[in-house]
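Per TrEMBL, active site, charge relay system is recorded for S275, D367, H401. The domain 'BAAT/Acyl-CoA thioester hydrolase C-terminal' annotation in TrEMBL covers 247-452. What TrEMBL records for 1-40 is region 'Disordered'.
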Amino acid sequence: MAQRLAPNIPEGFKAVTASLGRPRSTKAQPDSEAMQASTAQDQMAPIMILEPADGCLCDQPVLISVHGLAPEQPVTLRAALRDEKGALFRAHARYRADAQGGLDLARAPALGGSFAGIEPMGLLWALEPERPFWRLIKRDVQTPFVVELEVLDGHEPDGGRLLARAVHERHFMAPGVRRVPVREGRVRATLFLPPGNGPFPGIVDLFGVGGGLLEYRASLLAGKGFAVMALAYYNYDDLPKGMDIFHLEYFEEAVNYLLSHPQVKGPGIGLLGISKGGELGLAMASFLKGIKAAVIINGSVAAVGNTIHYKDETIPPVSLLRNRVKMTKDGLKDVVEGLQSPLVEEKSFIPVERSDTAFLLLVGQDDHNWKSEFYANEISKRLEAHGKEKPQIICYPEAGHYIEPPYFPLCKAGMHLLVGANITFGGEPKPHAVAQVDAWQQLQTFFHKHLGGEERTIPSKL
Ligand SMILES: CCCCCCCCCCCCCCCC(=O)SCCNC(=O)CCNC(=O)[C@H](O)C(C)(C)COP(=O)(O)OP(=O)(O)OC[C@H]1O[C@@H](n2cnc3c(N)ncnc32)[C@H](O)[C@@H]1OP(=O)(O)O
């Protein structure tokens, strides 16, 4: 499994830093005591240097270093990010400067805190919400997340004199990506188009329970050369508020809209879905025409919680097994055993064998929302038994349910609207972060392979 946690900075960013020669950093005013104690070496107040200096896309790494510390000086680095609802996410880690008073997070191990070891992006993927069970979500993709970074003297997370600080912006739209709200027929969506005239390979992007219209994955993916349509399907605008039944005719209309778009290259489009969006993606690929390639992130091959309907066919939801719901030691519900198997309730098994779509199934092996690995294997068996192409399955050890774009912090637990309680979603922060970096790369490679198009990344000079 290719893992690309090592920073891979696009040339554009290096050029920005080098040519401007002014890294975005703020020097803290040294206090008088420290002034008296200063030696020739630490005359210069410490500065924090970020590369790229002017921010980057949210799926890209940032290099963080500190200069001008005392040799071997113990310091604590802190990161803070406030989401659009005002919820604060924080992380910190303890470090020691090298013999020259430098600290480079790509080379120096964290000695403890929110993470340990050499983790250049740990201050981002280890962010934790102050508000219990809150998940990091980007609502307005036209503005960046703003991360405040601080260097404090010593090894106390809350104490220590402030030595330096910097502000880092993480963007969601590469330069030239266009955001086009879609209200066509019944379709409610947002289409993201790469710069240029195309045509581009098209992808429909679906999120899960909660509904609404989340655009952040689609906007990032459009920066890789795809025309990506984030599709709402309930709890948005004039769409139904609830999710008792999903009619695939709605999704068919969306697929046809994208296929007939002058900047979308046919024949056939791609599909990306997570969780409930993965389940619906499997149903779309099974019943609808025009879907060439589908990436399903922790999806279910059983209908769950609602009926799926297409023309004169219905797939009823599997039974809920309430007595199999357990409590974790943290007082959360663990619902992973709470669904009847679609092998027992065959009528709830989405008929993937009807599909000619190429599948990539991305699985968090510690998914506690439902049994994603079991579902992936059953999809594979069913396709093979019907002489269809086997799916590509990638299993990520210790990864949980919400496999997001790179560097999003793990959402380990939260309110589940179908369950009506806080549940555990599984996953450990570090392996989950590794999975996210790899999954993001894998899904792009898969879509480029099956949908064609030039493999490219828009230079992200912001
Ligand atoms: C006991 C019986 C067991 C039986 C046995 C069980 C079986 C077990 C079955 C498993 C079955 C799985 C089935 C599919 C599993 C998925 O699908 S997992 C979920 C995947 N979710 C997604 O992909 C995201 C989907 N989208 C969303 O959640 C919504 O679009 C958003 C992001 C919340 C925004 O929607 P919105 O309407 O603009 O939100 P807003 O009005 O601001 O807030 C709505 C609510 O969400 C909350 N919320 C908003 N933002 C956040 C946030 N960042 N973080 C946390 N909460 C937030 C708010 O607090 C609010 O809550 P209430 O105040 O109403 O309580």
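Indices start at 1 and increase along the chain as displayed.
Positions of Cβ are set from backbone N, Cα and C atoms, glycine also.
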Between H401 (active site, charge relay system) and S275 (active site, charge relay system): CA-CA distance (Å): 8
Rounded to the nearest Å - Cα separation of D367 (active site, charge relay system) and H401 (active site, charge relay system): 5
Surrounding CB atoms that lie within 10 Å of the CB of D367 (active site, charge relay system), all protein chains: 25
Around the Cβ of S275 (active site, charge relay system), the count of other Cβ atoms that are within 10 Å: 26
For the domain 'BAAT/Acyl-CoA thioester hydrolase C-terminal' (247-452), the mean pLDDT of the predicted model: 97
